[in-house]
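Just below is one structure, and these are the notes that go with it.
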Amino acid sequence: MTTTLQQRGSASLWEKFCQWITSTENRIYVGWFGVLMIPTLLTATTCFIIAFIAAPPVDIDGIREPVAGSLLYGNNIISGAVVPSSNAIGLHFYPIWEAASLDEWLYNGGPYQLVIFHFLIGVFCYMGREWELSYRLGMRPWICVAFSAPVAAATAVFLIYPIGQGSFSDGMPLGISGTFNFMIVFQAEHNILMHPFHMLGVAGVFGGSLFSAMHGSLVTSSLVRETTETESQNYGYKFGQEEETYNIVAAHGYFGRLIFQYASFNNSRSLHFFLGAWPVVGIWFTALGVSTMAFNLNGFNFNQSILDSQGRVINTWADILNRANLGFEVMHERNAHNFPLDLAAGEQAPVALQAPAING
């Protein structure tokens, strides 16, 4: 009997690098998507922090009226933001090398484009990295599918909406008050509250919160006791244990009697699929709604839809909402518009039916 020993050829430097990139033994998985994700997210984060603290005012409307967004120019954490790039730039790609100087790039809001482009590439890669790690571990791929909902929402407000409106100045500002301003102006121009897809998104987010609270409270209330009265019940669970840590039959029985039998899940797998799918589908619809409103396919308009026998308008809540929308419309970008299109396009309404008599 002959035994042959063959020494394995040493792996090349590139092969070792590939093995390290795709290794699931690393404390934090890198992956091929991570090779692009890490530098783009670091770039976006660094530029955002610097711009939020120190960026000079930006001529967002393209009318030579800069808007200050950084902390050093008088803002606080609530009012501060990275201001979107100028309407004078429009949809043009505006990297640093396209500007005549760094001052011009800052004045026209170049950092906003730098942040959102790197951020979007980064979150796309994060989603791909979730799939990649699931694949390496032999898991099913639904984690990245769930994350696609916030990715779609971010893409809608940072990319699709500016494309539809024709300028990155219409993108969502990167700050707290800026986000609220974006929401109010969006309502004024697109009536998003009356769009069915936004309604589905509200049902998804609020419903998801409700279902999460219901599930967590039911599980916590039906834990299998493994500890004494003087210990925390959390000590009754050991990571990786095979036994169920709560009694699903008890939880099912409680909820089935609280509402009715078929309102309660008797299958843990279908329950958790439902908990994951409900908010994801809702946010998908909202992102789709924003993406269609980007091209001015707006929410329902029920203004002045009810008339009496004399043809006079009987106001509904839709008309009250429309009054609020017009108020938002006339207040935003005040110096960029001569008059809001929504008001200028309507029929002329006489201020007085007859001239007043003036008695000298």
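Residue positions begin at 1 at the first shown residue.
In case you wondered, yes, glycine gets a Cβ from its N, Cα and C as well.
Quick look at what Swiss-Prot lists:
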BINDING   TYR126  pheophytin a binding site
BINDING   ASP170, GLU189, HIS332, GLU333, ASP342, ALA344  [CaMn4O5] cluster binding site
BINDING   HIS215, HIS272  Fe cation binding site
BINDING   HIS215, SER264, PHE265  quinone binding site
SITE      TYR161  site 'Tyrosine radical intermediate'
SITE      HIS190  site 'Stabilizes free radical intermediate'
TRANSMEM  29-46  transmembrane segment
TRANSMEM  118-133  transmembrane segment
TRANSMEM  142-156  transmembrane segment
TRANSMEM  197-218  transmembrane segment
TRANSMEM  274-288  transmembrane segment
Same-chain residue ranges lying at least 6 outside the transmembrane segment (118-133) that approach it to Cβ under 8 Å: 24, 29, 31-34, 36-37, 40-41, 43-44, 47-48, 141, 143-144, 147-148, 150-151, 154-155, 158-159
Among HIS190, HIS272, HIS332, GLU333, which are recorded as recorded positions, the nearest neighbour of TYR126 (pheophytin a binding site) by Cα: HIS272
Cα separation, ASP170 ([CaMn4O5] cluster binding site) to TYR161 (site 'Tyrosine radical intermediate') (Å, whole number): 7
Residues of the parent chain within Cβ reach of the transmembrane segment (197-218), under 8 Å, 6 or more residues beyond its termini: 251, 254-255, 271, 274-275, 278-283, 285-286, 288-289, 292, 299
Quinone site span - longest C-alpha distance across HIS215, SER264, PHE265, in Å: 11
Near-site residues: quinone, ref HIS215, SER264, PHE265, CB cutoff 8 A to centroid: MET214, LEU218, ALA251, HIS252, PHE255, LEU271
HIS272 (Fe cation binding site): secondary structure state under DSSP, collapsed to three categories: helix
Rounded inter-Cα distance in Å - SER264 (quinone binding site), ASP170 ([CaMn4O5] cluster binding site): 45
Most Cβ neighbours inside 10 Å, all chains, among the recorded positions HIS190, HIS215, HIS272, HIS332: HIS190
Candidates TYR126, TYR161, PHE265: member of the recorded positions with the richest Cβ shell (10 Å): TYR161
Cβ contacts of ASP170 ([CaMn4O5] cluster binding site) (under 8 Å, same chain, 6 or more positions away): PRO84, TYR161, PRO162
Site with most surrounding Cβ atoms, counting all protein chains shown within 10 Å, from the binding-site residues GLU189, GLU333: GLU189
Three-state secondary structure, which DSSP defines for HIS215 (Fe cation binding site): helix
Protein Cβ atoms within 10 Å of SER264 (quinone binding site), excluding its own: 18
Three-state secondary structure, ASP170 ([CaMn4O5] cluster binding site) (per DSSP): helix
